[in-house]
Amino acid sequence: MTAILERRESASLWGRFCNWITSTENRLYIGWFGVLMIPTLLTATSVFIIAFIAAPPVDIDGIREPVSGSLLYGNNIISGAIIPTSAAIGLHFYPIWEAASVDEWLYNGGPYELIVLHFLLGVACYMGREWELSFRLGMRPWIAVAYSAPVAAATAVFLIYPIGQGSFSDGMPLGISGTFNFMIVFQAEHNILMHPFHMLGVAGVFGGSLFSAMHGSLVTSSLIRETTENESANEGYRFGQEEETYNIVAAHGYFGRLIFQYASFNNSRSLHFFLAAWPVVGIWFTALGISTMAFNLNGFNFNQSVVDSQGRVINTWADIINRANLGMEVMHERNAHNFPLDLAAVEAPSTNG
């Protein structure tokens with residue numbers, strides 16, 4: 001009889017825990033995805049802060065030339081970064097216990113792999129938590145779908161690209177200057193500016209910014225007057241009010257006359273779906289582009305594609321970009337190889353002396 005009571009009490013304890021985890025009454029919703037999200041993101045954040053401040057230099061290229069990335073080793077906020085795991089490690093799983101010592105683990109850039117893998121797991125769980133909370137509240141699932149765009153982008157630069165290139169050392173460094181370095185090298189090696197998926201991503205980000213500014217300014221310009229000239233217009237809105245706070249007919253009429261009638265939405269729901277879908281689809285395409293270029297399916301190559309009747313090359317902007325790419329490729333990892341792959345692939349002319 002005692003054993004039965006103990007089992008019921010433990011089941012009740014587990015039940016209370018489940019109810020607390022899935023309760024929508026908590027100040028912050030936890031959820032089952034949150035059970036995994038919280039420790040992974042806390043780990044990634046903690047290690048990032050410590051490594052950004054105090055990590056020793058990392059042998060990123062695997063040639064015994066460590067690169068400094070932390071504040072205590074001479075960097076500032078702009079130049080500092082978490083240096084990617086060494087090329088000597090490649091794609092190997094490299095937890096602390098796989099190294100001979102903590103010093104070796106730090107020298108080979110172990111913190112980068114730890115941070116990136118925990119971070120990707122954490123943001124994926126955050127996306128799942130968004131869906132979970134929407135489900136519990138009876139909402140539609142589009143918040144999590146929208147968040148999938150930045151999750152896909154982060155996964156592309158931190159995981160898919162290193163897998164395609166064969167080493168975590170090719171992943172994006174975790175810092176401001178490191179991000180710029182990654183972008184420049186990516187352009188040099190993959191000609192991303194000439195990739196149509198990147199172009200769609202640019203249209204998504206810039207177009208999304210434009211549409212957001214247009215929508216916000218139209219709404220703000222067509223607010224229904226509820227206040228005097230001496231009060232803030234924001235005082236005319238009360239949270240939860242049933243009445244519209246702006247005149248969508250006036251906004252529609254203004255924009256329809258500014259451009260043309262059918263350029264303006266007359267349905268608030270389809271308008272807001274469009275505002276969400278445009279940047280999300282654009283960023284999806286960019287992430288897909290990064291993932292294809294990871295395996296060297298690169299941007300368009302129009303180098304020396306225009307010639308005159310004598311066969312002489314007429315340079316276009318594509319040739320200017322190509323020259324810039326070669327210059328950037330020559331400069332990066334300059335001690336790891338003598339020539340960039342484009343130049344080294346050409347057989348050297350023989351000299352008969």
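In case you wondered, yes, glycine gets a Cβ from its N, Cα and C as well.
Here Swiss-Prot gives transmembrane segment for one range in the set 118-133, 246-261: that range is 118-133. Of all ranges given (29-46, 47-64, 83-100), Swiss-Prot attaches the label transmembrane segment to 29-46. With respect to Cβ pairs under 8 Å, the transmembrane segment (118-133) is most closely packed against 142-156, considering the stretches 142-156, 197-218, 274-288. Residue pair TYR126 (pheophytin a binding site) / HIS215 (Fe cation binding site) shows a Cα separation of 28 Å.
The binding-site residues examined here are ASP170, GLU189, GLU333; by Cβ neighbour count within 10 Å, the least packed of them is GLU333.
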